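Following: one structure in structure tokens, then a few remarks.
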There are 2 protein chains.
Amino acid sequence: MNSHPEINGERLLARLDMFAKIGATPGGGVNRQALTPGDREARALLTRLAKARSFSVFQDDAANLFIRMEGRDGSQPPLLIGSHLDSQPSGGRFDGALGTLTAFEVLESLADAGVEPERPVEVVAWTNEEGCRFAPGCMGSRAFVEGKIPAEWADLRASDDGARFEDERLSTIDALAADSSHRRLGFPVAAYLELHIEQGPSLESEEIPIGIVTGVQGTRWLEVAFEGQTAHAGTTALQYRRDPLKALTMGLSALYAGVMPENADARFTVGRIAVAPGSVNAIPATASCTIDLRHPETAVLDRLEDDIRSGLTEAAARENVSVAIRKTVDMEPVTFSSDMVAALQAAAQKAGLPTKTMISGAFHDALFVAGCAPSAMIFVPCRDGLSHNEAEYVKPEDSVTGARMFLASVLELLPRA
Amino acid sequence: MNSHPEINGERLLARLDMFAKIGATPGGGVNRQALTPGDREARALLTRLAKARSFSVFQDDAANLFIRMEGRDGSQPPLLIGSHLDSQPSGGRFDGALGTLTAFEVLESLADAGVEPERPVEVVAWTNEEGCRFAPGCMGSRAFVEGKIPAEWADLRASDDGARFEDERLSTIDALAADSSHRRLGFPVAAYLELHIEQGPSLESEEIPIGIVTGVQGTRWLEVAFEGQTAHAGTTALQYRRDPLKALTMGLSALYAGVMPENADARFTVGRIAVAPGSVNAIPATASCTIDLRHPETAVLDRLEDDIRSGLTEAAARENVSVAIRKTVDMEPVTFSSDMVAALQAAAQKAGLPTKTMISGAFHDALFVAGCAPSAMIFVPCRDGLSHNEAEYVKPEDSVTGARMFLASVLELLPRA
């Protein structure tokens, strides 16, 4: 038989529930950070589901996981579809998982309908998209595009338990070695398509079920380290203090008051802060924080980064402490292929789905894959724009509508790609 | 023989070096936090030194360590002299140790001279003066004055390794059980005298070798906990954010700018700060800090605490987050016995030592012991007023001069007390 493929909504929603149990948190979210046992369990489950449908499974040296459906012409580069399975420490159940399971649902719906695609279609689960346990994020797609593991990752250690990235990478690959074939890192791809929750409020508030993403804003991560002098809290008068936390606090408060109000498209976030020695009655010796800065325009990012550096440097000088600022991530803004965007718009029209074109506020693996293949993204609404939060939520009907849009897009792309 | 007792400066300085090796840090300081193996090692060393001089050794249920030299009338309450042996996580080698070893040197110098004091003289090493591993500080002297271990300490856990206070207290006592006799918690004391480094800059800058302390400023510790909502750093626009770290930063920056400059005698210190979940690309869900607030006047402390509470509460409201503020320590300012101060001034005059009367910026065990016996303190200069710092330093001659003053004071107090 060769019927018209259709999304099995109940199956997709059941799969979402299955994966949400892996690393489930009391608050209803998931903690399935990259290369942890939870992440491996999710990879193993997806592999079992793939083998049950006799799709072939591959891993590369970045522990990226591929599930392949053969096409009429196996020599053609595949259409690559997918997302990631890792999460934030207190993350939601949809970020990454929805895109990966939607792509797998599309593969199954094609198989259910007995469709033999023009070219191979492969589902991918990229390694460490979140970047919270090992920085930077999107390691899997970065390595895929570069065709190798960057040398500087060899010494990386986990922010939580100090585990070595190298060890965790190899153990994760080994855990599935028996059920998968090895695949070299980086291969020709016809096109890449990724579905994700918006992680912002606009689709929900405008009641539009589908976002067609035309690009991704740029992201920069800074590590800020102030160093002063610890001393007794009770005896050290103001003029004798060199307090690095005071410098950090005064510097950050000016940035909080300035950066985002003055630039509506800017995103300024301090996600980590720490002091040492960390004693209630001792002035700290050091104070450090991270800064996550985003904007759709490189020129504005440059200016904001300059403002941040000068603001923190002046704050350090005022408190007679030193400051070191290190850039750990610098992701340029990306504009997706106009052909891909046009294909998605055509698919939406055929499916009769209202859409909105938009810029992604978050970075995604598609941002990197765009460096080696035409790429694009589809967004679905999430409640209150909440993400990286246990309360992250997508209405079942929105997940199913997104999958229908994703299937229509795949059918639109297969002959074109 | 019964010669005039004299301080053995070389012995005192050698002892300071011996104890500085216990928990020594690479930076030349010590990490000998309360009830840790390092603290126990220091207690054991002092006990060995005491037994070598055939002084008797006692422990009470707060793990306070007492070394007793008998007096002509053993039924008289003892003159109690001493300090503490625990340190900050990156503390100096003099804070506590100098006072404890000076008191022990006085005991030895009396024994060397064959002096039989009018009444027993006891050296005490109080438990957990610093309060950094287990809050509050001065646990040993608090419990001594109350005559019992406060019930609320039963559930305390260490800020570093989460160890239970109860377990650490009992293990510390057991470690010396064979070498000491048990002593009930709290007993009549004729008077208490403690020597300590100033931990401030005034004696050094005014080139005065001895400070006679007439009182201790009040200290309050607050634990501040903001709660907001974690969300994605890249996609969450300003109007959708409920950022607890922004609220904390804005609130603290106003306090840093106000409290100390406006009140020359005030001391405002944030020694700990933390956020959760602590991911570089997630707005924090919670942000917390400690505040150490000090001033010599209760009325001013009340006003400053009100300012802090209202400032942080308003900052929370502005960011649409909640804040909880808990007072964990409230030590009223104390004025020492005028008779004790007069005795110290008489001793200094006889010893021909220039002195300065002053208020202590730090709290000390003497602040609590003053609740059950006439108490006073002697300060010696330290370099740059630095303390709670590996660079904490006292000139050898200043340590010896302090010990001479301490011996003279003990001889002055023995007939009076």
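The backbone N, Cα and C atoms fix where each Cβ goes, glycine too.
Whatever TrEMBL says is automated annotation, not expert-curated.
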Item to complete: Have a look through B:D73, B:D95 and flag the one TrEMBL assigns to the Zn(2+) 1 site that B:H84, B:H196 belong to.
Response: B:D95
Practice prompt. Let me know which member of B:H364, B:H388 TrEMBL also records as binding Zn(2+) 2 at the site of B:D95, B:E130.
Written response: B:H388
Practice prompt. List those binding-site residues among B:H84, B:H196, B:H388 whose Cβ lies under 8 Å from any Cβ of chain A, in sequence order, or write 'none' if there are none.
Written response: B:H388
Practice prompt. Determine which residues of the same chain, besides B:H84, B:D95, B:H196, have their CB within 8 A of the center of the CB atoms at the recorded Zn(2+) 1 site, and list them by sequence.
Written response: B:S83, B:F94, B:G96, B:A97, B:L98, B:G99, B:T100, B:E129, B:I197, B:H364
Item to complete: Using C-alpha atoms only, work out the spacing between B:H84 (Zn(2+) 1 binding site) and B:E130 (Zn(2+) 2 binding site) and round it to an integer in Å.
Response: 9
Practice prompt. Using C-alpha atoms only, work out the spacing between B:H196 (Zn(2+) 1 binding site) and B:H388 (Zn(2+) 2 binding site) and round it to an integer in Å.
Written response: 13
Discussion item. Is it possible to list how many residues within the domain 'Peptidase M20 dimerisation' (B:215-317) are helical, extended or coil according to DSSP?
Written reply: 42 helix, 35 strand, 26 coil
Item to complete: To the nearest whole angstrom, state the Cα distance for the pair B:D95 (Zn(2+) 1 binding site) and B:E130 (Zn(2+) 2 binding site).
Response: 10
Response to the item:
Note: in the chain of B:E130 (Zn(2+) 2 binding site), residues six or more apart in sequence with C-beta under 8 angstroms of its C-beta are B:Q33, B:A34, B:H84, B:D86, B:S87, B:Q88, B:G91, B:G96, B:G137
